[in-house]
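Here is the structure we will look at, set down as C-alpha cells.
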Amino acid sequence: MNQITIHSHNTNLTNKFTNTQTYTKYKEMKAHIALIIFIICFLASANPGSSQVNGSSSSQGDGSSSQGDSCSSKLNLSVPLLFDTSKLNCLPVWNAQGFILRYSQTSSNIWSFILSVPNQNSYISIGFSPNGGMVGSSAIVGWISSNGASGGMKQYYLSGYGPNQVVPNRGNLPIINNSTLITSQSSRLYMAFQLQTNHPLSRLIYAIGPNGVFPTVPSFALMQHQDKVSITINYATGSSALGNPNLNLKRSHGVLNILGWGIFIIMGAIVARYFKDWDQFWFNFHVSVQSLGFVLGLIGVISGLILNNQLHIDFNLHKVLGIIILVLACLQIMAFVARPKKGSKVRKHWNLYHHNIGRIVIILSIANIFYGIHLGNEGSGWMVGYGIVLAILISIAVIFEIGLWNKS
C-alpha cells in the first residue's frame, strides 16, 4: 500500500513538473511573439510611406529623349499635316518611356498637339483629365503595329477602371475633323490632333499598352495599360510637374487607414484576447494601441472625405464602409467609458457586445482596405505589402488560439 502511495505521489510530482515546463515554454513563446508584435508595430509606424507603389517610376528630364527625337531637334515629319508645326512648344513629359509633347495655340480657340513616342509595338495614349485621375477622363489612343499591318487612332471615354468602362468613339474632347494622324518614322510614333477649345485641360495622363496587343474590330476594346503617368502642364510657360496633385493625399489616406484600422486595431485585439495573464500589460497595451489606431483611422477617414470632394468621384461603397467602421469604433469608445465593474451582473453582456463589435470592425476594416487599394489602382505593391502583414498577424492569432485550446 505504501509503495502504491509513493508511486502515485511521484506520478503527481512528475505531471506537475511536466505541466510547469509546458506552461513555462508557453509563456516564453508568448513573450517572443509579443516581441514580434512590437517590432511590427515599430516598423509600421516608423516608416509607413517608404514603399513605392505607384506602378511607374518616371522622371522629368531636361529635354532629351531616346530613339532619335528630342526638343532640341527640329521636327521633320515625312507626312503633311493640316497645321503649322514650325512654332510648336516642346516638352518632355515622360522620360522613362521617351514621351515628348509638342503643342501650340493655333488660333483663339484651336490647339494643336503632336505626341512623339518610341514605337514599342503597343498602343499609346494621352488623356485630358478634370482631376488628374483616370476616371472621368477622355483620351486619344493611337497604334501602329511593328510590321505596319494595322494602325488606328480613336477617342475613348474612361468611365471606370474595367475594360468595358473604357468606351471607344466617346469622350469630351472637341477634336477637329480630319486633324488626326498617326505615323511611324525612325522607330517612333507621332500622333497629331487638334482640339477646338479656348483652353485645354492642364492635367494630362499618359499610358502605354501591352506589347503586341491592339484594339481590333468590331469592339476596339482597349486592354489595360502596362505603364502610366500623370502630369500637370502649364501651357503658358511650357513647364510640367510630374504626378497627380492629389497623390500625396491619396497615399496618406491609404497609409493612415492601413495602420489604424488594419494593423493597430488588430494588434490590440490579439493582446486583449491572449495576454490576460499578463495583468497590467495587456490592458495598458490594448487601450494605448486601440486609441492610436482609432486616431489614425479617424484622420484617415477625414482625409478620404476631403479626397472624395476634391476628385468629385463617388466611391459610394468604400465611403459608406469607412463611415460604418468609424461609427462602430466610436461606439466602442463609448462602451469603454461606460464599462461596468467585473462583479456587475451586466458585465457578461457588456463583454459580449464589446468583443463582437470589435470583431465586426476588424472584418469590415480588412475588407475595405483591400477594396480601397483596388479602387486606388496603384498596382500590386500595396496589396502584397498589407497581405504579408495581415498574414503574420493572423498566424500569430492562430498560434495563440491553439495554445488556448490546449490550455483548456
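Just so it is clear, glycine is given a Cβ too, placed from its N, Cα and C backbone atoms.
Any TrEMBL annotation is an automated prediction that lacks curation.
As annotated by TrEMBL, transmembrane segment applies to 31-49 (among others).
The feature domain 'DOMON' is assigned by TrEMBL to 97-209.
Per TrEMBL, the feature domain 'Cytochrome b561' maps to 216-408.
Positions annotated as transmembrane segment by TrEMBL: 254-275 (among others). If one looks beyond the transmembrane segment (254-275) by at least 6 residues along the same chain, the residues whose Cβ comes under 8 Å of a Cβ in the stretch are 30, 34, 37, 40-41, 44-45, 48-49, 281-283, 285-287, 289-290, 292-301, 303-304, 322, 325, 329, 358-359, 361-362, 365-366, 368-369, 372-373, 376, 378, 382, 386, 389-390, 393, 396-397, 400-401, 403-404.
Per TrEMBL, transmembrane segment is recorded for 287-307 (among others).
Cβ atoms under 8 Å from those of the transmembrane segment (319-337) belong to residues 257, 261, 265, 287, 290, 294, 297-298, 301, 304-305, 308, 350, 353-354, 357-358, 360-361, 364-365, 367-368, 371 of the same chain, restricted to positions at least 6 beyond its ends. The transmembrane segment feature in TrEMBL is assigned to 319-337 (among others).
What TrEMBL records for 357-376 (among others) is transmembrane segment. Among residues of the same chain six or more beyond the transmembrane segment (357-376), those with a C-beta under 8 A of the stretch's C-beta atoms are 161, 250, 254, 257-258, 261-262, 265-266, 269, 297, 315, 317-318, 321-322, 324-325, 328-329, 331-332, 335, 382-383, 386, 390.
The transmembrane segment feature in TrEMBL is assigned to 382-405 (among others).
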Practice problem: For the transmembrane segment (287-307), could you work out the same-chain residues 6 or more beyond its ends whose Cβ comes under 8 Å from its Cβ atoms? | Solution: 41, 246, 249-250, 252-257, 259-261, 263-265, 267-269, 271, 318-319, 322-323, 325-326, 329, 332-333, 336, 365
